[in-house]
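Novice: OK, TrEMBL features for this one:
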type: BINDING; residues: S9, H67, G143, F144, G145, G146, D176, G177, G178, G198, S199; note: substrate binding site
type: BINDING; residues: H34, D36, H67, D176; note: divalent metal cation binding site
type: ACT_SITE; residues: D36; note: active site, proton acceptor
type: ACT_SITE; residues: D176; note: active site, proton donor
Amino acid sequence: MTTFRIAPSILSADFARLGEEVRNVVAAGADIIHFDVMDNHYVPNLTVGPLVCQAIRPHVQVPIDVHLMVKPVDRIIPDFAKAGANIITFHPEASDHIDRSLQLIRDHGCKAGLVFNPATPLSYLEHVMDKVDMILIMSVNPGFGGQSFIPQALKKIEQARRLIDESGRDIMLEVDGGIKVENIAAAAKAGADTFVAGSAIFGQPDYKAVIDAMRTQLAAV
Ligand SMILES: O=C(CO)[C@@H](O)[C@H](O)COP(=O)(O)O
């Protein structure tokens with residue numbers, strides 16, 4: 001049986017109360033905290049860095065999944081590992097040496113992953129599948145929360161699921177962007193097992209009600 005994980009994205013949280021926000025969302029049933037890092041270079045938005053990751057680390061026991069939307073990637077990896085990240089993912093287009101970046105993340109004791117924008121081919125995986133612990137399929141173009149799910153992502157999730165099954169490895173398949181109660185089951189049916197949701201959770205007053213509703217949808221898959 002598939003283990004489904006719900007990973008609220010801090011991008012839609014109240015940054016003035018971030019410690020309280022991550023505590024509340026974990027108490028509401030979140031399995032992972034998704035930590036979006038944007039540099040105003042690789043993506044046209046700017047968020048937070050390792051200091052903020054370090055600041056929230058004592059507030060939660062669940063894994064922190066750091067999604068690097070930065071270029072270059074390598075020089076910031078050790079800082080996030082030291083700040084308490086458990087999973088670090090990056091976009092293959094943002095790294096000059098994908099294999100080296102994956103190895104660097106693993107050498108720092110974290111799980112490593114690659115992120116695929118809507119128009120980025122999965123072929124980047126071909127020679128590095130043995131070093132990947134997570135594949136993250138973007139169902140929006142990265143940079144902002146609150147965008148609409150791009151339905152073509154479902155086909156890519158199916159393709160990624162086939163590659164994972166062929167590899168025989170235990171690789172998490174995460175989807176990110178526009179995930180709501182209404183479409184989470186479709187993403188799960190396509191093969192995703194980890195679901196990032198920002199505005200759908202932090203945009204509602206009752207985090208537990210949303211996460212429970214998502215789990216109800218997942219239980220029927
Ligand atoms: O990485 C990103 C955006 O670049 C995402 O993690 C979003 O933050 C998800 O937000 P919603 O689409 O769920 O509101």
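Including glycine, each Cβ sits where the backbone N, Cα and C put it.
Note that TrEMBL annotation is computational and uncurated.
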Novice: Using Cβ-Cβ distances, find the residues under 8 Å from G143 (substrate binding site) that belong to the same chain and are at least 6 apart in sequence, listing them in sequence order.
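Specialist: Looking at Cβ-Cβ distances below 8 Å from G143 (substrate binding site), excluding near sequence neighbours, one finds M38, V43, P44, N45, M69.
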Novice: Taking the binding-site residues one at a time (D36, D176), which has its Cβ surrounded by the most other Cβ atoms within 10 Å?
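Specialist: Checking each of D36, D176, the winner is D176.
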Novice: Among all protein chains shown, how many Cβ atoms are found within 10 Å of the Cβ of G178 (substrate binding site), not counting that one?
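Specialist: Excluding its own Cβ, G178 (substrate binding site) sees 23 Cβ atoms within 10 Å.
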Novice: So which other residues, same chain and not among H34, D36, H67, D176, have a Cβ within 8 Å of the centroid of the Cβ atoms at the divalent metal cation site?
Specialist: A7, S9, L11, F35, D65, T89, L136, V196, G198
Novice: If H, G and I count as helix, E and B as strand, and all else as coil, what does DSSP give for D176 (substrate binding site)?
Specialist: strand
Novice: Using only the Cα atoms of S9, H67, G143, F144, G145, G146, D176, G177, G178, G198, S199, which the record gives as binding substrate, return the largest interatomic distance in Å, rounded to a whole number.
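Specialist: Max span of the substrate binding residues, Cα based, is 17 Å.
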Novice: Could you say whether, by DSSP, S199 (substrate binding site) belongs to a helix, a strand or a coil region?
Specialist: helix
Novice: May I ask for the distance between D176 (substrate binding site) and H34 (divalent metal cation binding site), taken between their Cα atoms and rounded to an integer number of Å?
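Specialist: D176 (substrate binding site) and H34 (divalent metal cation binding site) have their Cα atoms 10 Å apart.
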Novice: Given a separation of at least six residues and a C-beta threshold under 8 Å, show me what packs close to S199 (substrate binding site) in the same chain.
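Specialist: Spatial neighbours, sequence-distant, of S199 (substrate binding site): S12, G145, G146.
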